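Asker: Pasting a structure here, questions to come.
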Amino acid sequence: MDELPFGEAALEQALAEVCEMDAALLTDIEDMLQLINNQDSDFPGLFDAPYAGGETGDTGPSSPGASSPESFSSPASLGSSLEAFLGGPKVTPAPLSPPPSAPTAVKMYPSVPPFSPGPGIKEEPVPLTILQPPAPQPSPGTLLPPSFPPPPVQLSPAPVLGYSSLPSGFSGTLPGNTQQTPSSLPLGSTPGISPTPLHTQVQSSAAQQPPPASAAPRMSTVASQIQQVPVVLQPHFIKADSLLLTAVKTDTGATMKTAGINTLAPGTAVQAGPLQTLVSGGTILATVPLVVDTDKLPIHRLAAGGKALGSAQSRGEKRTAHNAIEKRYRSSINDKIVELKDLVVGTEAKLNKSAVLRKAIDYIRFLQHSNQKLKQENLTLRSAHKSKSLKDLVSACGSGGGTDVSMEGMKPEVVETLTPPPSDAGSPSQSSPLSLGSRGSSSGGSDSEPDSPAFEDNQVKAQRLPSHSRGMLDRSRLALCVLVFLCLTCNPLASLFGWGILTPSDASGVHRSSGRSMLEAESRDGSNWTQWLLPPLVWLANGLLVLACLALLFVYGEPVTRPHSGPAVHFWRHRKQADLDLARGDFAQAAQQLWLALQALGRPLPTSNLDLACSLLWNLVRHLLQRLWVGRWLAGQAGGLQRDYRLRKDARASARDAAVVYHKLHQLHAMGKYTGGHLVASNLALSALNLAECAGDAISMATLAEIYVAAALRVKTSLPRALHFLTRFFLSSARQACLAQSGAVPLAMQWLCHPVGHRFFVDGDWAVHGAPQESLYSVAGNPVDPLAQVTRLFCEHLLERALNCIAQPSPGAADGDREFSDALGYLQLLNSCSDAVGAPACSFSVSSSMATTTGTDPVAKWWASLTAVVIHWLRRDEEAAERLYPLVEHIPQVLQETERPLPRAALYSFKAARALLDHRKVESSPASLAICEKASGYLRDSLASTSTASSIDKAMQLLLCDLLLVARTSLWRRQQSAASAQGAHGTSNGPQASALELRGFQHDLSSLRRLAQSFRPAMRRVFLHEATARLMAGASPARTHQLLDRSLRRRAGSSGKGGAAAELEPRPTWREHTEALLLASCYLPPAFLSAPGQRVSMLAEAARTVEKLGDHRLLLDCQQMLLRLGGGTTVTSS
């Protein structure tokens, strides 16, 4: 065995020598102790997070910090480092004698329990290697630390940091892993330790090569000698009362090598720093520079050596740690999104995060909808099976054959689930059966978003329907009809039979001779018999041929869909999806679903012009045959001529379902939600009508009537005016269909049975628009029902007729009260129509009927109530007006939010007239006049903003303006009556109107004059109210008499010679004539009356007219004035 490089004699000599460097260091320490600054700012990295407190623990053999024997270098490299490190007595093996210069023994401390790291602390195995080159001849590249003699002080027992007793070596653990605080190290109790340089290297076992085999004996010997040596490792741990001295500077520590050090692995960062010495209480503690592998340390430990460089580096470390945490969060979220993408759209798809989340949301909603629908179907099937007995099930299976299949026995491809609906900007429309990829009407999606792989293999496949349920196409039906027509017109059977019979006679005639023959007479007799029998046989054959063709067309050519069959499942699937699309407002997608539903029933819509022409001609022929009851009876035998009640019931139900779908498509086309021309719409209307008639009692009469009305609408819209008489026929059929079953017409169609509504529908000039026009007098109804739009137009027509009855009554009205009664009749009809024009809550379903589900139009009802109140005020029927006050006071929200001032003008005019026309108030209040002024302001704004107003707007403005003027006149007349009650004469000697009243009256009169420029019926009211204004102001009575005489004498002279000049100005009505009589008889001076008794005669005539008008209160006033003037004269009706 070779001699060890560190012998007993060498160690004694090294420890006995006095080191000059120790003396120099002690001298420097004494000089610099006076300059020690104990502030925390000198050591900024002392109390950072890596040096937080914790328990000190030793690294056991099984701990990650324990070094394996492979982590040591060769014994030749251990001797020099151990010789330089040991500054006191050491324990040697048995063969060696203890040195005499080591009087102090090292006290061994018991092992501390293993350290348990806290949360967030990662334990890193850090092997420690002490390198020492051979003493005699160092190898190249080996760094030899100087040897220092021991100081005169003795070694005190001190705890060892990171030291553990092992049978074959020792290990050091980094302070960051053991959570040792600087305050827990007894630095002041370690005297006698000289400042000796100690070179250590920490690297992973994977990057270090094992030592040679020849170095194993030395390795074991050295390990046995140094296992009890206390090693103090304190890299960069300092205290505030310590002094930091740099003894040895290693600028190239990141690249130096020793004899026993292998090259560091790539990617290993080297942390190299100067040898640091801590001096506290006469104790010198050497720090160890470490070589750290960055892959084995947490992020907050990578730059721990540079903590003392300043606070900027600390902030950078915190920023690095925060970025690392954010990176972990992002990585976790991205992993979950990738996992969600794999579940929803498959692993091969390439989607962004938003598309993945959108797909997931759509898929979840689809699953919820599918579960709900399956639960409903399950409950339906359970209830159906519970209601059937065993005998019914057996009979159904025996009669239905293979067509009536239960849901449990269906094929998987029929009952398979739908694919989830595509996203807004997602999958292409061909991926889902809910969209029509073949028609090209649905919007295509992006190719980067494929469908879910869970449904790629389960998509609905196009099944070949059974031959008996598919039926015949329309072009085949038309071809068969043409064939029958040709057989009836050309009669080929007669020609065929005639040729076959005449051929033998012609043949015998060619070879006969000139002589007589007895057989010739016999042949002549046989030909006469066949000629007599041939025509009936031919017509019988033709009749049989026609019957066979009709049976083939109506009985065996009609597609019949049995319940719970594959086509029925497909039909109801698309039907329910169409309901959802209608409720969502996606009318294009709803039309596509209805198109697919008809295709599932075996009734595909025509796709070419030829198919469209054939389908339209066939529907015309079929409707003509059904008018003769032949086609309707044959259609009732659809499915077969055998008496199968269940099959016929299923045929009627199939016809009903197809008719409802055709009708809904027709409604969508009429409202502009479905593309196509007039021929397409006519074909849809005829198809719905023919199938609804064939459905019989399977369809409700309200739905059948609605289909008739839709056909009448199509005639009104698409056909020329010469064929508009057909609308009367269809409306009559709808009325008969309603009365035949229940004896009552549905609420939505009652106005069609009224003479005014029937005349408006047939002769009115109106049109159905795809986008309903905004109106101030009604709200839009069902957006997919054209009948609701026509009802809305009729409501506005009724309101206009009621206003015109007051503004410009008919010239031939002999009765003065007729204008008010006609207006009230129109308003009553308007109230009934407004209950059926609004959009109902469940009107978007395919099976919903406008006749059964109706709503209310609050706007039309409010305008009707307001107009009725004004009419009752004009008739002086205040009790009837008071019953409508609550309806007028609550204006609808739609009218409150509108920007047009006309509804506000109407509301405040009602409030002002209600306050001023009350006969119980004699004096005007400022509040009532303020409301009146506000109403006048809104009315002027309405006249200024509607320069091109419609006729109904002008009629309403005339009514409101006249109402305000009448209210002001009534207030002035009550004041005059109260003042003149004290006088003896009938003429008014009371005070004139105030300036405020006159100014308001003149403003309203100016508005009336402005309205009369564009609306001619307002001119006659201008004359009357202008005369009233002159009377209120006390102006010259001459001009006032002329204005009143214009209203009095136009009515008498209008029946004379008439012409164009006489019709330029409208004639005054009975109400205007009565008002002029009262003003002239009460307020004109006696000088302007032609005779002494003319005043009494005028009052008597006014009383008779008022009695005709039904104004009982004004009649009582006239009688009282007559009693004062004539002394008991009474008025009798004449």
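Using N, Cα and C of the backbone, Cβ positions are placed for all residues, glycine too.
Bear in mind that the values here come from a model prediction, so they are computed numbers and not experimental data.
Swiss-Prot lists these features:
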REGION    1-60  region 'Transcriptional activation (acidic)'
TOPO_DOM  1-481  topological domain 'Cytoplasmic'
MOTIF     27-35  motif '9aaTAD'
REGION    46-102  region 'Disordered'
COMPBIAS  61-83  compositional bias 'Low complexity'
MOD_RES   Ser97  phosphoserine
REGION    116-221  region 'Disordered'
MOD_RES   Ser116  phosphoserine
COMPBIAS  165-202  compositional bias 'Polar residues'
REGION    227-487  region 'Interaction with LMNA'
DOMAIN    317-367  domain 'bHLH'
MOD_RES   Ser331  phosphoserine
MOD_RES   Ser332  phosphoserine
REGION    367-388  region 'Leucine-zipper'
MOD_RES   Ser389  phosphoserine
MOD_RES   Ser395  phosphoserine
REGION    415-468  region 'Disordered'
COMPBIAS  424-453  compositional bias 'Low complexity'
MOD_RES   Ser448  phosphoserine
TRANSMEM  482-502  transmembrane segment
TOPO_DOM  503-536  topological domain 'Lumenal'
TRANSMEM  537-557  transmembrane segment
TOPO_DOM  558-1134  topological domain 'Cytoplasmic'
MOD_RES   Ser1047  phosphoserine
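Help me picture these features in the structure, burial and contacts included.
Answerer: Sequence-distant neighbours of Ser331 (phosphoserine): no residue of the same chain at least 6 apart has a C-beta under 8 Å from its C-beta.
Ser332 (phosphoserine) carries a helical DSSP state (H, G or I). All chains included, 10 other C-beta atoms sit within 10 angstroms of the C-beta of Ser332 (phosphoserine).
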Asker: Tell me, roughly as an integer, the mean pLDDT over the region 'Leucine-zipper' (367-388).
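Answerer: Reported value for the region 'Leucine-zipper' (367-388) is a mean pLDDT of 85.
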Asker: If I take the alpha carbons of Ser332 (phosphoserine) and Ser1047 (phosphoserine), what is the distance between them in whole Å?
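Answerer: Counting only the Cα atoms, the answer is 92 Å.
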Asker: Near Ser1047 (phosphoserine), which residues of its own chain have a C-beta under 8 A away, given they sit six or more steps off in sequence?
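Answerer: Once residues fewer than 6 apart are set aside, Ser1047 (phosphoserine) is near Arg1020, Phe1023, Leu1024, Ala1027, Pro1068, Glu1072, His1073, Glu1075, Ala1076.
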Asker: By DSSP, what is the split of the domain 'bHLH' (317-367) into helix, strand and coil residues?
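Answerer: With helix first, then strand, then coil, the domain 'bHLH' (317-367) has 43 helix, 0 strand, 8 coil.
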